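Engineer: The following feature annotations were taken from Swiss-Prot:
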type    : residues                       : note
BINDING : His551, His640, His653         : substrate binding site
BINDING : Asp570, Asp581, Glu690         : Mn(2+) 2 binding site
BINDING : Asp581, His644, Glu676, Glu690 : Mn(2+) 1 binding site
SIGNAL  : 1-17                           : signal peptide
Amino acid sequence: MQLNFLLFVFIFLMVFHLNIFNKGKRQNLVSAYLNHFKKSYFSGVTSGSDCVNKSEVSSDNNNNNNNNNNKIAHNFFSKKYQRNFENNNLSENQENNKNIIYSGSNIFKNIYNTEMMSNNNTVDVNMMDNNPAARLEELRTIMKKNKIDVYILINSDEHNSEIINEKDKKIVKITNYSGADGILIVTKDKPILYVNALYELQAMNELDQNLFTLRISRIDNRDEIFETISSLEFNTIAFDGKNTSVVFYEKLRKALLNAYPKKKIVEKIIYNNNFDDVNKKDDENVLNFLVLEKSLVEIKDYPVNNKTLYIHDRKYNGACAGEKIDKLKQSLMYDIKNVDNLLLSELDEIAYLLNLRGYDYQYSPLFYSYLLFQFDREEQDFSKIVFFTTVKNLPADVKNLLEINKVIVKEYEEIVPYLRDVVIPSIPKHNDDNPDFKKYDISLSPYINLMIYKLFDRKNVLLQNSPVVKMKAVKNDVEIDNMKQAHILDGLALLQFFHWCEQKRKTKELFNETEMSLRHKVDYFRSTKKNFIFPSFSTISASGPNAAVIHYECTDKTNATIKPAIYLLDSGGQYLHGTTDVTRTTHFGEPTAEEKRIYTLVLKGHLRLRKVIFASYTNSSALDFIARENLFNNFMDYNHGTGHGVGLTLNVHEGGCSIGPVGGAPLKKNMVLSNEPGYYMKDKFGVRIENMQYVISKEITDTTEYLSFDDLTMYPYEKKLLDFSLLTNQEIKELNEYHTTIRNTLLPLVKQSPQEYGESVEKYLIEITEPIAIHNN
């Protein structure tokens, strides 16, 4: 009787929930929600789990920021769009919001306040100023005043973030070069800007080469920059302490010692740009290394996040914070026995370990922080865990999580004084008599900033990746299931976008659109999907020649009108389920034979890597050749890696695994990587095809495990760009199988939500996944 009653209540609630969704005209996929309810929401979660923190397995609405059911997206997008969209089979609720457009240039306008900062010994850079010559001259005046001969500026921040915030975009303020990668060497002569080859065309377009010398960093000349600096004549060189990594610093230091073996390097930290106590006497036998607490280049105003952190629920990541901390403790107990202090400085590691997410970055749900672990060898436990962050951004449930896991909270700015005044004095002196066992004071990331690194004696610092890098690189089954769900949602958004493009192409209205309006459109379609947070990076929307710029970003200056030409879309989203990244190259006209040939050669490499079988001990760099071989055979190549790791609602580019021509390491089951070969013809067009895939175990023999990949991305390739004469029957078979999987996955969801998609989208999905005929010969 009781069971029957409970069953009745459950069915009633489900029907009621469905009616609420329909009557409320929500943009969620109702049927998908029902079909995936158990898998997406309860996989790996039990009320009787051994989690120390029950709030981590609670429903979404326990988070103060109310991240469930795409409310976050609507909070952003409902105020960001400033042009009208035509009605194209949108749901009624979407139609009501058709005046909404997402503005990618300032996604956090509603959650940021502006703070004015000032400093006497700095260049005051107004965000709207556009005079690099004047700014460069002002910087040189400050350098001359303080007897600084060489000043190094690096596009980075305190945490080695790939995509940095406005407060750290100092190179663009001096040079007008806006790429994510760059190292600027300022001297009394012509400054030198080094950029990664990915940004070569962008730098050539943006940089005034009458003012600056442009140098390109490639795979075969990565250390050239250190030779360049070593060749300069100087007595004093200065670095931004918070934006310079120890890896760069130590490589340069070594290069200078080799170039000038008779010179002595004198290092000094300069606090608050107070140069009064610096020895300014020119001594030809001394090289002064100044580590600046504050940069010589100051951004006068920049956005500051005031939005609170939230708990990333265990139903999405499969493990409590306490479980992850215990796993880290095991590493210190059994694997890392020569150090008792561990400082995490990489923000995705901290967010992953604590199951927290935030809003300090535009495209990654991270927050400024450090996390210090102090291990007691006698107790075999952590004596202290100290979390440095913006305390006012911690809501009650997050504070509760931290308290349960015995995490002490301190303000973000206290990290340097705490290490200097509390941690360092408490470290016992080590007996280094045993050459086989070197005891270190602290373990730091190789990319830790100089302000932290210089607090310690370098010989007592263990520079190595933390165990968390490997922990988060290997996803658990719950994470893989959620990543699949994120990519299904992503595939539906791409389907709507490319269907919209095709409808507009037929009426030629598409050719009144621009790269930027198409970027806004695809970002908008993603925003309608359940549990979407924001884009995972700045969407690359590139038409014609702009598609040849690998990391192209359309601006008001470069924004091109859409032409009947090749169009490359590289985009992704952050969902509570996971992070996505996908690239599709299409053509809005009739492709040439050359365009078809190159697209097909790129696709052949992509397909080979997609289903390759390899032994578990294989270095991932060996897989890179597989994606390039067809291009190599035609004397072609691409100047970027083939695959990068991807986080789960973390960074879209994640460490711990990669596929590239150099470096690499063996891959493990459940690692998630991209597969993205390409080819780029300057001033003509570019092609890139990118899927997300995860490592699967294919076979285990007596001696070896054999691995392969399975797809996460759920969107078909462009059949219009195929040169069928270059494809084998096996490749065509694989294409058909993949497209059938996409159809079988997305079509039921499209049919179940006619208000959101409609018959036209359904027909379009069937059309683009139609099987390709197998060759007769």
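Including glycine, each Cβ sits where the backbone N, Cα and C put it.
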Engineer: Give me the CA-CA distance between His653 (substrate binding site) and Asp581 (Mn(2+) 2 binding site), in Å, as a whole number.
Structural biologist: 9
Engineer: Quick check for the class: what is the C-alpha distance, in angstrom and rounded, between His644 (Mn(2+) 1 binding site) and Asp581 (Mn(2+) 2 binding site)?
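Structural biologist: Asp581 (Mn(2+) 2 binding site) has its Cα 10 Å from the Cα of His644 (Mn(2+) 1 binding site).
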Engineer: Based on Cα distances to Glu676 (Mn(2+) 1 binding site), point out the closest of the binding-site residues His551, Asp570, Asp581, His640, Glu690.
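Structural biologist: When the Cα distances are compared, Glu690 comes out closest.
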Engineer: Through the lens of DSSP with three states only, how would you label His653 (substrate binding site)?
Structural biologist: coil
Engineer: Give the distance between the Cα atoms of Asp570 (Mn(2+) 2 binding site) and His640 (substrate binding site), rounded to the nearest whole Å.
Structural biologist: 15
Engineer: Let me check the 10 A CB neighbour count of His551 (substrate binding site). How many other CB atoms are there?
Structural biologist: 19
Engineer: Between the Cα atoms of Glu690 (Mn(2+) 2 binding site) and His640 (substrate binding site), what distance do you get, rounded to the nearest Å?
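Structural biologist: Here the two Cα atoms lie 13 Å apart.
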Engineer: Only counting partners 6 or more residues apart, tell me which same-chain residues put their Cβ under 8 Å from the Cβ of His640 (substrate binding site).
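Structural biologist: Set apart from His640 (substrate binding site) by at least 6 residues yet with Cβ under 8 Å, we have Ala197, Leu198, Ile550, Glu676, Gly678.
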